[in-house]
Amino acid sequence: MTTPVRTRFAPSPTGFIHLGNIRSALYPWAFARKSKGVFVLRIEDTDVERSTEQSVDAILEGMQWLGLDYDEGPFYQMQRMDRYREVLKHMQEQGLVYPCYMSTEELDALRERQRASGEKPRYDGTWRPEPGKVLPTPPAGVQPVLRFRNPLTGVVAWDDAVKGRVEISNEELDDLVIARPDGTPTYNFCVVVDDLDMKITHVIRGDDHVNNTPRQINILRALGGEPPVYAHLPTVLNEQGEKMSKRHGAMSVMGYRDAGYLPEAVLNYLARLGWSHGDAEIFSREQLIEWFDLEHLGKSPAQYDHNKLNWLNNHYIKEADNARLADLSKPFFAALGIDEPTLAKGADLVSVIALMKDRASTVKEVVDNAAMFYREPNPDADALAQHVTDAVRPALADLAAALKACEWTKEGIAAALKATLGAHKLKMPQLAMPVRVLVAGTTHTPSIDSVLMLFGRDVVVSRIEKAVV
């Protein structure tokens, strides 16, 4: 019987969560769903000084927005301290750890001497018990750290799903501190206990954790466990080629929602930011689950491309249900001072969204372009002077009369425009541009008949008549 796949996302709630961070949730989530396995959420909050409830909320909110549902958790490391102490006690009883009284100052001085002589700076095992070795006398009043007895010989090796075979000599590794002087366990120890207890089979995480992996494998084996499959993801770079970070201008995950991106577009883009399925650029959440595998994870850093994300978001906006987009648009209208009562009194919002969405990269852009339907026109003086000329006023007057009488449909409005053009021997731009300026306050709109139909007969006629009276 095969072991069920169990993956995890284990963020530290110490601030900002950007696309590079949340990708480390997407891939294990997709792999668990593909494998009909279990996806676990674990909050690694042992850094008490930097961990905040606000950061936890940002992680949960970002995952929920993208639809990354978890099966177990969230588990909080700070709530598992009794379990860590229990394992530490077992390790002490088994001789797997030992107390070390070397002070920070002594350790710094040791490393300086090692650097000066061309050695790799590392703890030298001063307090490590060995047969026949006489240990220094513990200093009075000093609480020791606990160090793990790392094997002195041999090799730690694993077949990384991204990096291939990785081998590290144990001689390269010193004895890791796994408990601080106050007894609190350290990160690398907690991770191992959690992965063992939660029966994690696949660890899919950023390659900044590669250096931790041999140490974690040795602790895992000392506790009688077998290492999971590791897949260390290359870094996500920003558009300037730097590692994505808040310091280098990365946007938070929820910042994309607030800028008008759809979650399905961000999910699709994020999936392609380090994984591929042939030449497929656009795929649904269901297709991602069907296709996802570890074999096609990229081996090189992935670079964020904002234009590509905009292209994808435009695709999903065009495909999206108009009523859903109308609901999503309301906060963006509110930011422009257009409240819901104003929207209700103006042109039908769902119809406006349907007309305006195709050219927009974000919901915010849809709203910016659609705001004209809910505001009084405020055309630029140059546009008025250029397009609303004395020569065209007679045609505008006739058009207003024709629009009063025509059937108020796209076809009826188009017929009124065509008749006016014919009577005054004008070309469409000569009439359509002044009408756009007078009715919408701008020269940039979709087809004039569609726009006028949504504004409504009374608004259109009154705005044209004001200019020709």
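Every residue, even glycine, has its Cβ placed from backbone N, Cα and C.
Taken from Swiss-Prot, the feature ATP binding site covers K246. For 116-131, the entry in Swiss-Prot reads compositional bias 'Basic and acidic residues'. If you look up Swiss-Prot, you'll see 116-139 marked as region 'Disordered'. According to Swiss-Prot, the motif ''HIGH' region' annotation covers 11-21, on the basis of sequence analysis. For 243-247, the entry in Swiss-Prot reads motif ''KMSKS' region', with the evidence type sequence analysis.
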Intrachain C-beta neighbours of K246 (ATP binding site), sequence separation six or more, cut-off 8 angstroms = G15, F16, H18, S252
Request  = Give the three-state DSSP assignment (helix, strand or coil) for the residue listed as 'ATP binding site'.
outcome  = coil
Query = Which numbers of helix, strand and coil residues does DSSP report for the motif ''HIGH' region' (11-21)?
reply = 3 helix, 1 strand, 7 coil
Task = Take the motif ''KMSKS' region' (243-247) and average the pLDDT across it for me.
result = 84
Inquiry  = DSSP-wise, what's the residue breakdown of the compositional bias 'Basic and acidic residues' (116-131) into helix, strand and coil?
reply    = 1 helix, 0 strand, 15 coil
